[in-house]
Amino acid sequence: MHWSSDWRGLQRPEISFAYLAPLRNCIITWRIDLSGITRNEKIQTLKSQNMLDLINAIPFPDWISDTAVKIGPISIKWYGISYIVGLYLAYFYARKTLNNRPIWHPRQNTTSSMKVPDHKTLEDFLFYCLVGIIVGGRLGYIILYGLPEYLQEPVRIFKVWEGGMSFHGGFLGVVLATVIL
């Protein structure tokens, strides 16, 4: 491995090992050579460096697939796994919080009427959140990213296996589910 520099004074390693070739495009460490210049020049050099160049120096690796597991015609995406793990962790954290009595019963008298939820209410709430995530995320994607295409072929709205979820739509779906419950 040796170091090469470009016209901006930035140095990056060049990896010559063939088996590391996929990592070359996704793991690049930039170093700014500031030796031999004054403190004010260093500050000006650091301010003049384009931070977007430094951020874009590490692109998303193209050797990582968006499909985690594929069994025949069924493929499970990383996005779906993150939904499942997030809801699973939220459920067990909420159950632990539900069993923590000092949170629900303060020591001093308060004017608020705090109703302690039970496990059935928690499970209903998480079910509504799951429906809000799926329906809101799908509708958010359709409305924000492809409304004309989906209006031409409305049947595609129900083809969730083709992809298309938006975080902000899922968030609004959860907020709406919370308000309804």
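Each Cβ is built from the backbone N, Cα and C atoms, and glycine gets one as well.
Among the features that TrEMBL reports, transmembrane segment is placed at 76-94, 125-148, 160-180.
Among residues of the same chain six or more beyond the transmembrane segment (125-148), those with a C-beta under 8 A of the stretch's C-beta atoms are 83, 87, 90-91, 94, 117, 157, 160, 164-178, 180-181. Within the chain, the transmembrane segment (160-180) has long-range Cβ neighbours (under 8 A, six or more residues past its boundaries) at 77, 79, 125, 128-129, 131-146.
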